[in-house]
Structure formats: structure tokens, C-alpha cells
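Among the features that TrEMBL reports, domain 'GCVT N-terminal' is placed at 66-159. According to TrEMBL, the domain 'CAF17 C-terminal' annotation covers 293-366.
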């Protein structure tokens, strides 16, 4: 039997009859870097799956993919994104990040995938894909780069466990979040199909969001992963709302949110030790000296919410505004909330209605350490 080495820090091997994908973490201060394998140019293979829950695979039809290709692609993106491109250079396959304007406000939320040393795929909200491509081309200047939308070639999929055991989610210290993270997805994917030109990686934001796949348009998730139940029921959106994770231009509207309000730091989407990038000054100052009073939080509604308007104001029992609703699905939603005020409130209402709701601090949020200790 032929054994081939996989260049994964010289650790594991690829067996032509069985593929074992392991994930290792290389830690730099203030950043957790999941290092998973990119499955490009590998033959068909199989993996055992060990999971107490069934896995669901949903196409992320609302997401688009922008390809940035060229020798200068990595340093070009380094000056635009909040995270550190060196993590991808060091072996990570995917990375979460924001792209900011000069005032430090969020323009786009992206997941960046490394296809090869000169090619990166930026997954973004489909509604703003043209705007993102135009934004990148503005800063391209004379660099020899190709920036194209490749929606006709690739499709993003999410594989996840729709039901979360919230009792299993434990708080972690902000310091240990980066020093000794426990962020690996606990599901092992059963890969049985051809994974040519395919990227399979754990979601870089948190383990409870499962895995992220970039597949050729001609394939579906069941062509690659055998033990997955395909779905188009919006279960992934419900899962995100239960966790309090915003995504896309509707939930994180352009220029209406700061990166730390969007939990960029908690979701491992920002580096505070990289060089300069657009919007860095306000982000760094807020982290090191300021207080983040508002963050995206889960919402649970009671009553008929079909007539709730976008950006509806949430008030406490005194009629004071404590946040805004950014999206909802069924009885759950997500909102940009004033943390202290909404957690202290005895009653929360949608302004101008009798619809009540509750919110809570997500269990996956880290315990904040003092800035003196963090620095």
C-alpha cells in the first residue's frame, strides 16, 4: 500500500484507502488559528463518523465567493482585513474577518479561504458581492491581481448539528481562549466522494457552527460527505440566531456596526498584533482602552412577530431603548443590544407593540479579563 505524506507540519500521512484529517492549533497571543486540511487534488476516500447527533448540510445560497489571485494577493488583503493573513500563510485553511471603512465601521464580513499560495477565496454576502469586488479593485492600484466573482464555479455549504446541548457550552477565560482553546468541532466528517478542487474546513468562528465546504457548482454535499442529511429549511440561520452570531449585510448593515459590536474579537476575526489596516485605529483603541457596551445577542420572542419591522427598537420596562432587532426566524432572532441594560431589564418589549422578548449572554462568550492582564 502506498503512503504519501501530507505537508501538514510534517505530522500525518495520507493513506490511499483511508483519509485521516486531523486539526492542530498554532496559537499567537489574542488569536486562535484552526489549522485544518484543504482537500484539493485528493482522491476519493472515507472517514469514520463519530457523532451523537445527525449532521445537516445546507447550501449557503445567500453567500457569494470572490476570488483574489496573484503573487501579491496576500499582502494586498493584509492591508484591508481585520485579521492576520499570516495565519493562512502558516497553514490555516480558513479565517474569519471584517473589512472596514476609514472610520473603523464594518463594510463586509468575510470568511477567507486559502486555495493556494497565490489564490484566496472570499466568502461574502451575495447582496454586496459586487460592492466588495469594486472595493477591492479600488485598492488594487497597480498590483497584478485578478479579482473576480466565481459564483458560477463554486458553492458554499455548511455542515452542522442543528440541535445544541447548551449545558455542554462552558464559559472560558478570555486569556485561555487564545492560550488553550477548545474550539474543535466534535464531529468527524465521513468523506466518501471525489474531493477534487474542494475545500473542507471547520468553521473558523466557533465549533458549534460546524464545518464549511467550498464545492464545485456541479456537486452537492452528498457527493462528498455520505453521512449528511441535505436541507433547505433554514436550520443554519436558526442555529446562528440561537448562538447570537450575525452574518451578512442585512444582519450586520454596512457602516452601522463596529467590529467589536459584531463580536469580531470573540469569533476570532481580528488580530491586535498585525500591521496597519484600514480602520485599525478605532478598533485597537476600543479594545485596549474602551468598553464595548453593545454586542450582537440572541433574542427569543413571545407572540406573533410576523409584523415586526427591520431595526425595530427594543425597550425595557421604563420605555428606554436597549437595542435594535436585526433579524429573526420563527421565535428566535438576533439584535444589537446594550449588554448591561438589557440583562438588567425586568421586561423587554418591541417598541410600539405588545410583543415581549428575552435575551441572554451566550454561554460561548469568554469571561472578560482586565485590560491590564490582557496587555
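Glycine is treated like the rest: Cβ placed from N, Cα and C.
Helix, strand and coil counts under DSSP for the domain 'GCVT N-terminal' (66-159) come to 25 helix, 40 strand, 29 coil. Averaged across the domain 'CAF17 C-terminal' (293-366), pLDDT in this predicted model comes to 94.
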